[in-house]
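Visitor: Could you have a look at this structure, given as structure tokens, before my questions?
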Amino acid sequence: MKILQQDDFGYWLLTQGSNLYLVNNELPFGIAKDIDLEGLQAMQIGEWKNHPLWLVAEQESDEREYVSLSHLLSLPEDEFHILSRGVEINHFLKTHKFCGKCGHKTQQTQDELAVQCTHCGYQTYPVICPSIIVAVRRGHEILLANHKRHYSPNGGIYTTLAGFVEVGETFEQAVQREVFEETGISIKNLRYFGSQPWAFPNSQMVGFLADYESGEITLQESEIYDAQWFSYDQPLPELPPTGTIARKLIHATLELCKAEHKCD
């Protein structure tokens with residue numbers, strides 16, 4: 001990182017955990033002096049709209065008002081990804097100030113996004129935790145679950161199934177395992193859908209579509225409050241926010257349900 005001078009210029013990412021400082025729902029833009037950033041530490045992490053994009057080191061005390069990244073999912077996808085990148089880099093730098101091998105202090109490397117131990121030279125890169133997320137279809141129906149973290153007395157959000165990939169596991173194996181563990185359902189015809197960085201704090205969501213093969217819903221009660229098959233033409237419960245890969249998977253699956261119904 002460098003110490004900002006008054007004339008340093010560009011777009012500015014200021015983070016507090018997974019919260020960001022925005023001006024009129026946009027990244028602050030201009031010279032450091034005008035945004036009261038002179039003398040703070042920052043690093044350039046790329047460009048945004050043909051101007052430098054700076055990540056400002058998180059301040060312990062800051063009177064600015066910050067907004068949660070989770071409330072910004074409705075922003076254009078490219079802008080949301082920029083904000084997510086800033087949050088993830090900030091999380092990495094905050095949690096890797098000391099070497100995981102010998103315990104001494106680390107410092108940022110000059111030529112890549114990494115930190116290096118000042119004692120043993122061990123180098124660490126940002127940690128990304130791969131997770132799978134899958135929408136399961138059975139004819140005209142989609143499988144949706146109410147996870148315990150989403151439960152509310154009014155029902156809460158119903159969404160697709162998801163989970164972290166375990167050590168030594170392929171994405172495909174993780175999908176099969178998570179669906180069976182959480183609902184007792186076996187699936188087939190698994191195919192890749194898309195991915196989404198998920199900076200809460202450092203996941204990469206890898207999305208799949210799948211078809212039902214066999215089994216009856218049997219809940220993993222430590223994780224799932226409820227799971228049901230919903231027909232595309234019936235009222236649906238509360239769904240994940242627009243902009244999430246979960247919502248995109250649900251939309252794509254409902255379209256497949258409609259297409260199959262037309263062919264019947």
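Keep in mind that glycine also has a Cβ here, set from the backbone N, Cα and C atoms.
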Visitor: Tell me which range among 75-96, 163-184 Swiss-Prot lists as motif 'Nudix box'.
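Guide: Matching range for motif 'Nudix box': 163-184.
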Visitor: Among Glu112, Glu213, Glu216, Glu255, which residue does Swiss-Prot annotate as binding substrate at the site that also has Tyr125, Gln196, Pro197, Trp198, Ala199, Phe200, Pro201, Asn202, Ser203, Ala246?
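Guide: The record-listed residue among the candidates is Glu112.
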Visitor: According to Swiss-Prot, Glu178, Glu182 bind divalent metal cation 3; identify which of Glu221, Glu223, Glu238 is listed for that same site.
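Guide: Of the residues offered, the record points to Glu223.
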Visitor: Suppose a student reads Swiss-Prot and sees Glu182, Glu223 listed for divalent metal cation 1. Which of Ala162, Ala210 should they find annotated at that same site?
Guide: Ala162
Visitor: List, in sequence order, the residues of the same chain other than Glu178, Glu182, Glu223 whose Cβ lies within 8 Å of the centroid of the Cβ atoms of the recorded divalent metal cation 3 site.
Guide: Ala145, Leu161, Ala162, Gly163, Val179, Glu181, Thr183, Gln220, Ile224
Visitor: Measuring Cα to Cα, how many Å separate Cys99 (Zn(2+) binding site) from Glu112 (substrate binding site)?
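Guide: Cα-Cα distance, Cys99 (Zn(2+) binding site) to Glu112 (substrate binding site): 17 Å.
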Visitor: In whole Å, how far does the CA atom of Gln196 (substrate binding site) lie from that of Ala162 (divalent metal cation 1 binding site)?
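Guide: Ala162 (divalent metal cation 1 binding site) has its Cα 13 Å from the Cα of Gln196 (substrate binding site).
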Visitor: So which binding-site residues out of Cys102, Glu112, Cys120, Glu178, Ala246 end up within 10 angstroms of Ala162 (divalent metal cation 1 binding site), measuring C-alpha to C-alpha?
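Guide: Of everything listed, what lies within 10 Å of Ala162 (divalent metal cation 1 binding site) (Cα to Cα) is Glu178, Ala246.
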Visitor: Which secondary structure state does DSSP assign to Phe200 (substrate binding site), in the simple three-class scheme?
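Guide: Assignment for Phe200 (substrate binding site) reads coil.
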